[in-house]
Every structure is written in structure tokens, then in C-alpha cells.
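Below: one structure, written as C-alpha cells.
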């Protein structure tokens, strides 16, 4: 399945960023005095090397999006007459979707999953680990780091099965609880959402930890020291010094973990299959179920398109909320 | 991920960059999700690609096709038979097939096709009409007419050659029944009799699962047919579809009653735990483990179940015919005809994108000639659909239950023969799952089904009963 590797995103960001910045210069000509022609030449010169990556982006990213967008307005299916001649049916899929009681439930489950496992879980635990490890002993740091990162480097399907084996009724967790005479619950059945949330925190924390560990090192020691001289305690230093300095990393990390978590599929599919009933059917699971289990490609694509919009909304919110100020 | 220090001369530029990063990341996440994986390798006209299911205890078809491949390749030099077993449970198998059939490069030449999918897949243009080939096939007259009907599309053309059919009934463990003090042989007269026996097993034999009725989304069409329809078609005039008016039945008490039985079984702790029943491998576990190991007393299941216990099966169990008894599923209150059964079956079909339709059909003709049909029907515990096989003593005496299951054919029902049935079947599994897990009452689940039904077929095609 898909894993969102951090490196290619960074790369795309750089190229796209420069490209956008270039055109930005061109459009703000009126407010800024400058020699138009030379600027235009420079802009073209800067844009040219980016053309291949722009073409690739359009081909492999924009293409599927347009196709998904169009597909969501058709009654395309995997079988039946509409499989060979699908028709444009306007907003039917969307009106059907909004009338479906499974949909609001799925949206709520997705948001709960998102906030608890990504925004709160992965980010807080990741930040906590990064801060603690800064002052920890070298061996402790190595051991903890290895354990945390191990969950992250596992292929998603392997991690999912490991989590399944852990939470299963006769799995590791209940076996360990039995040592203490506790009869564990049937986690995957009774608390399906909680189980997948914990599993996603376990799996995703390493990413946040690595991002924050790098960011925390950038906090200038002289500022921290002077705050300490002024009598600021550990908590105050965290609130007034560390967090403001690393806010940029926070926003980037929040956004990446949000988008990653929004598209988590394998983990939930393997652990609970979206069930029991629809009790852990987040939007990706629901989209899969409608498109591939119930053969309604168009309807499933409409759900995927909604996910795309949700992701876009989150990105915009993060960028607005954590907008860096002019210093 | 870290971009640069906060003091920067062109923050607006970076803001833009960050925004682009956000959009790009969002786009990527979704695009990655949207792109699937594609299989490779097209087939030339000299290669016949055969796609079929091989999952759990169902290995008989794999054995059969391997044998046919050997003789076919010898008789047709230059032709290669490429067997492509798909290891997936029914629903996933259908999905995989549909995805293969969409692209010429992956489309199979010969397809193992469920009779209830024939109409939908023929309408989708995945299957080739076979009338011009069956016309010249001498064996075709040996097939029963009602069996031929199962392979016909809505346009009246033949798309699938039937391999065998099946009926459904109650399997019960005589040893456990004796231990629980229940009569052997057992023939319940009403649904309540079935539940009463299950309750006795529950109180007398703790640790034994009293009654298994397949239910929920993971079993797919198996839940609908082995579970729900075995109930619904045993209610007074119970049906999903009124064939005479060509309308789907909505808001019926029969539907709610059938869900009520599912509730009694699962919420009354007479069945497997819902999480056992919602395991994709449930059917494999039932026939491969629970029944042979006497962990399950009563099983509402198909006539093919004993196939895996034969010496040729994946799970040989020589004592099965002594331990296992069979009883017809009673109607709800014992009303006439007193018993209920459902029949389906599978066919072999030719893919519409094949480059060598003649050889593909020849392969099917050889796989389902007298010898081929007979050995497959015996190995897979199928009810024969060829007159010459059905009367052959070797077939008749091959399985002690075949006489019983064949006798159910006179009271059997067939699934609605429409292209949208498979979608409606999905909605039934949704209703079953929400009832068995206690998320909805039978009434609520039936109402949700009615809404979904109207969404699929439209209000005009619905009748209230």
C-alpha cells in the first residue's frame, strides 16, 4: 500500500516552492520596482529546470486526482451494465452519501482517530520523547530510540499483524495481563477504535520524535540559558522558549502526521476490518468497502474525494494557524 | 523537515512554499491511496489463462484443473494452459476477478464463475456468449435445463457451463447430540425446534458451540445464502424478489423475523461469538476444525461440506459419515412444504477479451465432459447437473449424503436472477452484521435495508408486502 515517505515530500516541496515563489515575483511586479525584462528572463531561467518535475507531478499526482474527481460523478461499478458504460450522474453519489447513516459515523470515527492518534498521541508522545531524550544518558537514548524507530521502519502490513497479535483475545496483551490475574477484554471486538488508535500511536510516534529531536537541537542554548538566569523553570522554558522556536516544525509535523493518519488503511483493515459492524470504519475503510467489496466504484471514489478535501482543509488550517510572524 | 531559522527576509515566499508543501503532501497522500497495483503479462493466443478460486479447504477445483491441463496440453500441442489460482475468500475473489477482467492484459480466458454473478458480469461485458459453441457440442444435451438456466444472461444467451449445483441443510454432530440427550436421528419441525436443540446443547455441553449460522459482511454472499435466505425463504411466502411483478420486496415481516432468528442465535449466545463469526476464515474453521473436532453441534451449511473430509479432500476425516447427521432446514412454523433449501452452483465461463475463444471453450468442454464432471462432482460433493453423471452408480454411491441433498432439490429456491442482486446481497450482510453485533434491532436493520434497497433499484421497483 501507500506509505508517505518524508523525503519525496520534501523534494517536491522545494521544487514546487521555488516555482510558486518565482511566479509570485512576477505577479507582484507593480508593488516592487525593478527591471521587468531581466526579471522575466530570470524567472524563465529558474522555471526551466523544474519543468520535468512539474510534468511528473501533473502526470502522477494531478492525473489521479482529476480522474478521481470525475469518477465520483459517475455510476461506474465493477460489475453489472455500468461496468462497461458508466454514465455521468451529477451529484447523485454525494447526495446518496450524505443521506447514508454510515457516512456521518465514519466521519466522526475518522476525526476521533485523527485527533487522538495523530494530533495528540503521536505529536505529544513524540515531543515528550524528544525532550526527555535530550537530557537522557547515551545508552538510554540509544535503546529507547531503537525501540521507537523499530515500529516505524516495519513494513505497514507487518506492523499491522504485530498489533493484531498484540491485541487479539489470546494475544500478547491478554497473556501478560493474565500473569497478574487480570482477565483482559476482547480488545479488537469491544474497543476496536481504541485498539487501532493505540496501534497507530505506537507505529507513528517515531516520525514525530525524529522531527522534534532535530528541531529541539536548533533551539539556541544562549536563549535557554538566559531564561534560566532570569529564573524560568523547566515548564516555563518549554512554553516560552522551546515551543515558539520550534513552532515551524510543529506545524509541518502536525500536517504530515495528520495526512498520514487520514490515509491509514492497512493497519485498520488488518486489525479490525472496519468492524465489528461499522465501529472502526474510517473513511478509507468505507471507501474501500463501497468501491471494492460492494463494487460501486463511483460511490467509493466520492468518499475518496471527500477525504481529499478533508486533507486539504486540514493543511490550510494548520498553515493559517501556525503562520510564522514577521520578526 | 526542518526548513530554516525564523529570521528570514522573505517569509512570504516561504509561506507560499509551506502552503504548496501542504497541498502537495495532501495530494500525494490521496494520490498514493488512489493508485492501485497493476498486474503484468498479457496472454497470447497460444496461452489459455484459467482464473479460479483456491481458498481454505476448497482445493478440489485446483486438483481437477491441474489434471485437465495435463491431458489438454497433450491433446493440443502448442497450447499452454496457465492456471491462476486466486487465494481469496468469495467476495475478494469476485473483486480480484473484476479487476483482472477490466484490462485486456490481465483478463483471463477461462473463468470459474458463480452462477449468481453470471448476469451481472455478462452485463458488464466480461463474459463471452457461448451459444455458437454449445450448439456444436454433443454433450450439451446431457445437461439439465434448469441447470443451464443458471448460466444464462439477461439477454437470453448462455454465458456459463454449469459444473454442479448444491443444496443447503443442517449438519449435526450425532455424538454431541447423544451426549446432550437429544434424539438421533433429528429432524426439527420449526425454527423454534432448532433453537431449542441449540439451547439444550448450550446447557448440557459447555464449551461446545451450539449452532452456526453464517452471518455478517466477512462471509459475503455465504452469509446471505447459507444464513439469511435459508431463513427468509422458509417464512410464509418469504422472498426477496417477486418474480411475477419483477419487484423487490420491502418492509416485510418475514425479513424482520429472519433477522430476529440471527439475533436469537448471536445475542442469545447460541452461536459462535460474533468475532469468531466475523473472521474471514470462519467457513474454513467450521468445516476444517470445529465439525471434525466436535466443537460445534449444529451447522447450517451446504451440501459440499463433506467434500473436504473425503480421502481426496484437504481435511480427510474417515469417520465423518458416522459422526455427522443431516436434517432438512424446517420452515418457520412448520408450514408447508415443511422444509426449505437454497440452490446455487458455479460455472466455467469464457472471458470476453480472450484471443482464442475456441480453445478456451474446448478446455471447458474437456473439464466438464462426463468423466470430468463426474470426478469433480464426487470430489467437491456437488449435486450433478448432467443426466449421465447423476445416474451413474459410481457417482450415486460415492457419498452417503448425496441422496439426501439431491432430495432437497424439489423444495429448493434460487436467488433472484437479476443484475443488481449481488449489490442487494451486500446490503443483507450489512443488516445481519448490525443485528448480530447488537448495533441495531432487527426492525432497525430491516428499515436500513429498505432504504438501501430503494437506493439501488429505485422506488418504482419496490413492492410493499
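Glycine is treated like the rest: Cβ placed from N, Cα and C.
Taken from TrEMBL, the feature compositional bias 'Low complexity' covers A:18-36.
TrEMBL lists A:108-318 with the feature domain 'ABC transmembrane type-1'.
Residues annotated as region 'Disordered' in TrEMBL: A:1-41.
For A:47-70 (among others), the entry in TrEMBL reads transmembrane segment.
The transmembrane segment feature in TrEMBL is assigned to A:107-132 (among others).
Within the chain, the transmembrane segment (A:144-167) has long-range Cβ neighbours (under 8 A, six or more residues past its boundaries) at 1, 3, 129, 133, 136, 173, 187-188, 195-196, 198-199, 202-207, 209-210, 266-267, 269-271. Per TrEMBL, transmembrane segment is recorded for A:144-167 (among others).
Per TrEMBL, the feature transmembrane segment maps to A:179-202 (among others). Residues 109, 112-113, 116-118, 121-122, 125, 151, 159-160, 163-164, 166-169, 173, 261, 264, 267-268, 271-272, 275-276, 279-280 of the same chain sit 6 or more residues outside the transmembrane segment (A:179-202) yet have a Cβ under 8 Å from a Cβ within it.
Nonlocal intrachain contacts for the transmembrane segment (A:254-274), taken as residues 6+ away from its ends with a CB within less than 8 angstroms of a stretch CB, comprise 1-2, 4, 6, 9, 110, 113-114, 117-119, 122-123, 156-157, 159-161, 163-164, 167, 188, 192, 195-196, 199-200, 203-204, 207-208, 211, 280-286, 288-289, 307, 310-311, 314-315, 318-319, 322. Summarising the annotation, TrEMBL assigns transmembrane segment to A:254-274 (among others).
The transmembrane segment annotation in TrEMBL covers A:294-319 (among others).
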